Each structure stands twice: as structure tokens, then as C-alpha cells.
Amino acid sequence: MKSVKVVVVGAGVIGFSTAVCIAEALPFCSVTLLAEKFSPDTTSDGAAGLLFAAKFPDIPLERQRRWFKDSFDHLLAIAQSQHSPEAGVMLSSGWQIFKEEPADKKPFWSDFVIGFRPMTDRELNQFPDRKFGQAFTTIKCECSSYLLWLEKRFRKAGGQVQQRKLNSLQELSNSYDIIVNCSGLGSKLLVGDTQVDEGDTKSILERCSRLVPSLSKAKVLSAWVGLRPSRRNPRVERELVQLQGHRVPVVHNYGHGAWGVTLAWGTALDALGLVKQCLHEMPLQAKL
């Protein structure tokens, strides 16, 4: 009989990645994923899903390197397996171009993608107003497919899924032993995090058409708003929260901004480690 009840709040790429990691690593736990919205209505569904990254100011670089490497290795294994078509995960080659030469010509993640190099003059000449560029092969993750694949994997590991609107973590305190908060924008409401903000999407087609003129006549099939639940640094930590008169361990994993897909599996593994710490510190009677 499964004794410890864990709930993961949020059904985006962070939530499902975290839920899968916990359910597969801790089979003695009963893991429920709870969210108001599921694919195709999550912010993750609109993600570009290309793996590269920017540096966060207050997180040790070695930790960011580990997050990126763990995520890249996880998705690369899927891309090279029979699961690639169903999961929507594949290799993709391309360029990153700059108006000005960047201070850091070799970003921290360049050691983990494939074939990272400066663009040649011939390649860069296609973009006359750009002064520098980098070429590499990375992972493309089509999130609407990937989320469904993760949900299938989660259910296979014994996880349960529940659609429900949550107004406060207080509502969960009597039903679960550990709460894992992967709620993204919802963290404003659930934990009062005023740092979480939405990213804006403006004039994307116009700017892309200036770089690649052939896009100017492209037919627009649909439009969506790209929301990026971000804060100065992702929040991947644990705390004890006073809920309904008793202290409940809460693990946070949210605030990745534009780098949710890029860092999802790496931060999910960190969140799993934090859940293990919570289990280790729980009173014996809570585990029985």
C-alpha cells in the first residue's frame, strides 16, 4: 500500500516533468497531478521548445549547467529512440544571430549541444545587419505532443491526474503529505509570489520577416499569446508552510520564464531531490 501522498500542482512541462520524476523514482508514494488547465491550454503548449539558455543572475553557474545538461541528455535520448515521433522530440540545426558581438561568445550551454561553432562569413552574410552568429545542433521539443507523452508516462508509473481549480494551498493540506508547486503564473495566487510576471509577444512576424523576407507572404494559420511565467531566478527550493494549523512541506519548482522546456527535466530532478529530503525528515507515523 502506498503510504505517502504527494500532489504536484501544475500541468505544464515543469509540472509533468516533476510528476514523472517523482512517480518513477518513489513508487511507494501516491502521486497526484492537479491543475485547472491541461494541454492544449497550458502556457507550455505555445513554447518554441528549442534548447538553449540565458544565464540567471543569482543561481550558481554550475547548477545551471547541470540543469541544462540533464534536460538535454534526457531529451536527446528520446530523440534517438522509437518514442521520438510520439513525444515530438527531435534534433534541429540552426543559427543564433546577434546585432552586436556578445561579451560571452561561448555560452555555458555550448558544451552540451552538438557541433557548436561561430558562423562562417558566408553564413553570416545572409543577414547584413547582424555582426555575429553561432551555429549548433540542439533539441526541438514540440510541446503539445510532449505533454501528452509525459502524461501517458506518468499514468504508466501509477500517477493520478485531477482537473480542479485551486485557490489556495490550504485546500490541499488535509489530503496530502507533500505539496509540489509547479504552478507558474498561478504562484501569484497560491503562494503570493509577486515576482512572477508574464512575457510580452510583439511584432514577431514583422521582425522575422526582416531577417527572412520570404516569410512576409507566409499564410498565418493561427495566432496565440506566448505567456512566460518568469521571475528574476527560477524558484527551486523547499519550505515548511503553515496550513490549516499544521506545517506542511512544500517544494517549489517554477519561474523558468522562456527557458521552461530547456530546464524542465533538470529542475525536476532537483525537485525530486527536495521531495526525498522532505521524506527523510518526516515523522515516522506520517510514513506509515
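Placement of Cβ uses the backbone N, Cα and C atoms for every residue, glycine included.
Annotated features, as they stand in TrEMBL:
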BINDING   T43, S44, A48, G49, L50  FAD binding site
BINDING   R228  D-serine binding site
DOMAIN    5-190  domain 'FAD dependent oxidoreductase'
DOMAIN    194-268  domain 'FAD dependent oxidoreductase'
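Among the binding-site residues S44, G49, L50, the residue whose Cβ has the fewest other Cβ atoms within 10 Å is L50.
Confidence for the domain 'FAD dependent oxidoreductase' (194-268), expressed as mean pLDDT, is 72.
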